[in-house]
């Protein structure tokens, strides 16, 4: 009998019929888990390829992500090539996202081009009478000022009449009752001269034998920032540049300057000593030649900021030391027979009241009768100041700022832009001055090359209009650069516009002449900061305008400003679309070509950053610092400025970055990693430790920006 034939069944192995291999029990559990994940991933990829084959070529299953985002790497950069012709390798994680789609909060008006003048801030004036202007109905003779000093003010300093706060302070401080004084006045109302004029007038009435720099220190003036100290020093020098008081010598002691030079000036003799609390305390402790036994006036300028910046303990030590060293011998003179303390502040809040209670005794309360008090006791902004705000989606912030500047550089000669951190100042400075397209490169060639290694603090704003100059100022710059930048910006009188990018280091006390517009690109960290920022314009009776950028989730901040500082602030007509159309439209047109031009401007900068690694690093640092600074808003305002409401991808877009936020932060991470790639988190911290760390970091930020000491 023949053998039965052998039948063999062959089954073709494919992805769908393949079963996972049995895992060996002898292997480690981590290896088995890794194998399961790999098998699951291979199975998913196989199913995706099957769906793709079944879909055919009719284009019915278009990849949604590819329709929304274009991945590019190392684009072929040509500054003269239109944005839509950009070619790139599609293997990177960078994205080109649109500015004008996908955000319901944009609310673009379709008829903004019909009346471009309505989008101009300068087109809308105010008819209110200036609340900080010199009083025309009086003169300095009517407030007991010496005739020769009044003539000097009129002829050399172009000041013909006192302001309201000066009219209030001069008679009281020239009086021989010699009481302590609390001076409260609006920003830009002339507080510096309100206390300097009485000091100088009473010093010039001293006997002739005391008219020398070696007769002693008669006045000590403290201010929170180096820039404000330098400004007070300059005003004192101008005031004393006359035959009556030419012998009065002022000295400025601030951080960033050589202590050896300051000690040499003190040894030669000083009559008015001006300084920051930190540096002044250092000299009181370590400079033997500093004799404060004859001090008759102690002035605390910007008292609210002195307290906010953590100077309370330092101020207490300084005041106690001055009191202990006081040994006034000659009392029958024109100067006070006791040490008189004056506290100046634009706001009257709890911290200032606490300082007033400890530093002042039986003090006079001096305040302009023009200023009306709010319910909370805070002072208002000048009446003639036009205040606006605009709600801008995060990805449109950069082009909206550029549009605002482009539409106003012709009518406004000096513009100040406040940002939240120094890294953001550096980014916008570089973004505005860089040469990208052919016209900008041609303008850049005309400029003289800077010497290698120099830090540039001012340059032509090629990305705005080429005719304007842009400046930067923040606490990380050296004192020499900060001083020269302020001097250049203040003294500039040419036909072009001048734009100062700065942090809050320039928000307090600085009297920058003829500032027409203040832009708060980043919201202030407190309502007091808002008041002082806008106080850089509309000073001494001049008109001025201020506009603040807010994100859609931050609009509730307007109600807080109205209730806390009585801000008379209005919304900018037509919102961001009005700004963009005014800045990017060519002529009066009804078309929306401004959207294309704004997009082109943004994409040109993005391509430039992709090709330029140093600029890309600057943008990354600015993004990271902005997010960190955003987290330092007051706890009472945390519901308005909530970190969870930030769209980090759109915020990155406002810094011209195409990388995902996670990739940006990862590039800057310096945390040690364990073997295997996990981050060593270390010991977890309690909520109290984290809160204390945040407070300490905030104070370090203040110290850096304002250069304490």
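Counting begins at 1 with the first residue displayed.
Cβ atoms here come from the backbone N, Cα and C positions, even for glycine.
Values in this document were obtained by computation on a predicted structure and should not be read as measured data.
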- For the record in Swiss-Prot, which of the ranges 293-296, 297-300, 301-304 is the motif 'DEAD box' one? 301-304
- Message: Tell me which of 633-661, 662-690 corresponds to the region 'Disordered' entry in Swiss-Prot.
- Response: 662-690
- Query: Ranges 138-167, 168-197: which does Swiss-Prot label motif 'Q motif'?
  - Reply: 138-167
- Query: Reported in the order helix, strand, coil, what are the DSSP residue counts of the motif 'Q motif' (138-167)?
  - Reply: 18 helix, 1 strand, 11 coil
- Item | All-chain count of other Cβ atoms within 10 Å of residue 186 (ATP binding site) | 27
- Query: Per DSSP, residue 192 (ATP binding site) is which: helix, strand or coil?
  - Reply: helix
